[in-house]
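Participant: In case it helps, Swiss-Prot gives these features for our protein:
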DOMAIN    9-151  domain 'Toprim'
SITE      H59  site 'Interaction with DNA'
DOMAIN    162-571  domain 'Topo IA-type catalytic'
SITE      R172  site 'Interaction with DNA'
SITE      D176  site 'Interaction with DNA'
REGION    202-207  region 'Interaction with DNA'
ACT_SITE  Y320  active site, O-(5'-phospho-DNA)-tyrosine intermediate
SITE      R322  site 'Interaction with DNA'
REGION    361-380  region 'Disordered'
COMPBIAS  361-371  compositional bias 'Basic and acidic residues'
SITE      R505  site 'Interaction with DNA'
ZN_FING   598-626  zinc finger
ZN_FING   680-706  zinc finger
Amino acid sequence: MRSLSGKMHEVIICEKPKSSEKIAGALFPDAMKKKHGKVSYWEHVEGDKRVTIVSAVGHLYSLRPRQSNEEHFFDLEWAPIHEIDKKKGYVKDYLNVIRKFAAGADRYIHACDYDIEGTLIGFNALKYGCGEEALRKTSRMKFSTLTREEIQRAYKNPIEVDYGQVDSGAARHILDFIFGVNISRSLMKSVKAATNRFIKLSAGRVQTPTLAILVEREKEIRDFKPVPYWIIRAELGEGIIAESKRGKIFKRELVDSILEKCQGSDAEVKDVRVRDTIRKPPVPFDLGTLQSEAYRVFGFSPKKTQTIAQNLYTEGYTSYPRTSSQKLPESIGYEKILKNLAKNPRFGVHIERLRGPLKPHEGKKEDDAHPAIHPTGLLPSELSKDEKKVYDLIVHRFISVFGEDAILQTMKVELEIGEEEFSFSRKRVSKAGWMESYPYTKMEDEEFPEISGGDSLAVRSVSADERETKPPARYNEASLIRELERRGLGTKSTRADIIAKLYDRKYIEGKKIRVSPLGENIIDTLTRYCEKIISEELTRQFERELEDIMRGKISKDRVIDEAITEVRSILSDIEENLRDIGKELYRAYQDSRVVGECPACGGKLVIKYSPRNRSTFVGCSSYPDCRTVYSLPRGASVLKSLCEKCGLPMISYGRPRQRACLDPKCGKKKSEVEEVVGKCPECGSDLIKRSGRYGEFVGCKGFPKCRFTCSVDEVPEG
C-alpha cells in the first residue's frame, strides 16, 4: 500500500540520535535534516521512494503495573517511559516524532544496535509507536561498526528480526521488575510495620547476590587471623638475593637453626639453568577484558570504560563494545584497518613491524552477534583525554594480536649454603615480538650474572625476613566483574550497572571495595529470614533460561511464571517475619546514618531528612533534649575523616568536589582543607586529595583545564 503522496514510504528506526545521523549520512549523503520541536530526523526522496530516518533515545517504553493499587505487582504493561519517570520528559519528543512521521509506512527497517537491548528498544518503538501492523513490515539491519561501508552492506542485505532476542530482552526486564520492585517494596513495608518509619531500600535479582559475595569477602577479611612466618634470605655479591627453598617457615626454632647452620659458609652453585619461554600475543578484547585492562592501566571504573567504548563506537572509531567475543573474523578486513591506522605515525611504527600473513591470536570466547572489540580504521579527529586513552588501548591491543610471539629468558640458579638449599632467578626479554606494540605490558630486563655450576660465591649475610599471612584481597570493580562472570551472574552489559547501583545505594564504598554496615546488615537479615533472595543458583538458573528463550528452547511465559512462583515464595517468607525483619533493617539503617559524636551532649550525630525542606541535615540523636544541628549543602557527602581543628566530620560537596568541616563556623577554610600530595605528571600543578562517589581520590588542582586523576595509592613520584 502506497502512502498518500504516491511514493513508497520506508522508515529506518535507530537507537540513538548520533546513530541516526551516522546511518542517514552513510546511506543518503544528501538526505535533508529536519526538525520537529527539539528532535531531528532525516528525509530522503529518490524516484518513487521516500525514506524517513528517525531515532529513539534508548528505551522509549518501560514496565509499570496495570493496577497500581495492588499489594504485589505481577501484571505488568509497557508504557511510555516519560509517563513513568518524570526525569525522562525529553523522551516524549522523540516518541512524538516516531508517531507523527513513522506510523503508517510501507516498510520499516530496524537499525538499532544488534543485541538484546537494542532489538527490544526498536521492537517496542515499532509496536507501540507505530502499531502492531508495522512489525509485519519490518526487516533488520545487522552491523558491528558504524562505518559507511558496513552500514551500506547491512542496508542492502537486511535480515529478519530475531524474536528470540525480543522475548529474552522482554523477559529480563519483567524478571528484574517482579524481583526488584516487589521485594524492595516488601522490605520497606517491613520497616514501616515495625517502626512506622519509611526508609528507601533496594533489592534485586542480581544486585542482592552480588552484595552477598562482597559481604562474604568482608567477613573473610575481618575474621582472618594473621599468622607470622619467616623467609630466609641470603645476600650475595652483585646485588643477588637468594631465598631458602623451604619457602614460608612457621617455626621460629627452625629459623634459628638454619641461620646458625649457614653462619660463615660460602654459597656453592649447584645448578644453573637458562630456558626460553614463549609468551603468545594477547587475545582481542571482549567487553570484560577491556574493562579489566582499562582499570589496571588507567584506574577507570568498568562503567566509565563501557560508556567511553560506547561513545567511540557511536562515533564510528571502534566496533560494538558489548560483546563476549574474543574472535576477529577475516571479514572485518584486517589489512584495510591496519593500512588506515598506519596513517597515524604513532600506530604506523608498530604496524610496520608486522610480518607474514595476518593471523590474529584469538581467545576461546565467542559471540554470535558481534566480533571482538576492534578499531574500524577511521582515525579520530578529536577525542577527550580519557577517550584517547581507551581508543589507544584498543588500537594497540588490535595491532599486538597480529604480532610475533615474545620470548622471555629465565635464569634459575640453585645454591647450597651450609647444607641449606637456596635459589634465585632472573628474567629478561630476548625477543620483544608483540610486546613492542603493546606498551601497557611490563618488559622485564634483569641482568644475568656470569655464574656456572661449581662456582663458590661469598655470602655477605643470611637473615630471616619476618612476615604475616594476609587475608583474601578486597575486590575492586574489575575483579568483581570477573568474579560475576565466573559465577554466571548478570550479563556483559549489566554487570557494571549493578556495581554502580550498589555504590549509589551506599551499600559499598571505596575503590578497594568495602561493604558498609548497612549493606552487611541487609545481607545478614535476609540470610536469616529469606535466604532465597541471595541465592546465586536461583539467579544462575534464570540467566540460563533467559539464554534458552533467545535460542528458542523455552517460552518466555514459562520463565515468567516460574519467576512469579519464586517471588511469591520469597514474599511469603518476608511476610511471616515482617516485624523482625523491619526492626533489624531499621536498626542497620540507623547505624549507617551515624557520622560522629555530638560535641554538645556526647550523643550521636545522625544524618536526617527534613520532609518540609526536602533536604538532608546532621542532627543529634538526643533531640529534642539536644538541638545541635548542621545543615548539609545539596549533594554533600559526610566523610570518615575528621576536621583537624574541631574534630567534627569533614564533608565533600560541589563540582568539582571540595572538602570542608561539617560546622561552617569552624573557620577551617577550603584552602586549609586541601591536602597536597604531589605534583601532576601532566601539567605540573599540585595534586590534591579529593572526595567523590567512590571515596577519596587524587586530582589535579588545575581542574577543569587538566583532568588528571588517580587513586590515593597511586600518586606519581617526583
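Every residue gets a Cβ built from N, Cα and C, even glycine.
Remember, predicted model here, so these are calculated numbers, not experimental data.
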Participant: If I take every residue in the region 'Interaction with DNA' (202-207) and average their pLDDT values, what number comes out?
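Facilitator: Mean pLDDT, the region 'Interaction with DNA' (202-207): 93.
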Participant: Is the region 'Interaction with DNA' (202-207) packed against any residues at least 6 beyond its ends, judged by a Cβ distance under 8 Å, and which are they?
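Facilitator: 175-176, 179-180, 183-184, 187, 489-490, 494, 498, 501-502, 505, 522, 526, 533, 539, 542.
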Participant: Between D176 (site 'Interaction with DNA') and H59 (site 'Interaction with DNA'), how far is it from one CA atom to the other, in Å?
Facilitator: 15
Participant: For H59 (site 'Interaction with DNA'), which residues of its chain lie six or more apart in sequence with Cβ-Cβ distance below 8 Å?
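Facilitator: In sequence order, the residues whose Cβ lies under 8 Å from that of H59 (site 'Interaction with DNA') (at least 6 apart) are I81, E117, L120, I121, N124.
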Participant: Looking only at the compositional bias 'Basic and acidic residues' (361-371), how are its residues distributed among DSSP helix, strand and coil?
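Facilitator: Residue counts for the compositional bias 'Basic and acidic residues' (361-371) by secondary structure: 0 helix, 0 strand, 11 coil.
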Participant: When the Cα-Cα distance from R172 (site 'Interaction with DNA') is computed for each of the recorded positions Y320, R322, R505, which gives the smallest value?
Facilitator: R322
Participant: Quick one: pull the CA-CA distance for R505 (site 'Interaction with DNA') versus Y320 (active site, O-(5'-phospho-DNA)-tyrosine intermediate), whole Å only.
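Facilitator: Checking the Cα atoms of R505 (site 'Interaction with DNA') and Y320 (active site, O-(5'-phospho-DNA)-tyrosine intermediate) gives a distance of 30 Å.
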Participant: Least buried of the recorded sites R172, R322, R505, going by other Cβ atoms within 10 Å?
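Facilitator: Relative to the other recorded sites in R172, R322, R505, R505 has the fewest Cβ atoms within 10 Å.
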Participant: Give me the non-local Cβ neighbours of Y320 (active site, O-(5'-phospho-DNA)-tyrosine intermediate): same chain, 6+ apart in sequence, Cβ-Cβ under 8 Å, ordered along the sequence.
Facilitator: D113, Y114, D115, F143, S144, T145, Y313, H370, I373
Participant: Could you tell me how many residues in the domain 'Toprim' (9-151) are helical, how many are strand and how many are coil under DSSP?
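Facilitator: So the domain 'Toprim' (9-151) is made up of 51 helix, 44 strand, 48 coil.
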Participant: DSSP helix, strand and coil counts for the region 'Interaction with DNA' (202-207)?
Facilitator: 1 helix, 0 strand, 5 coil
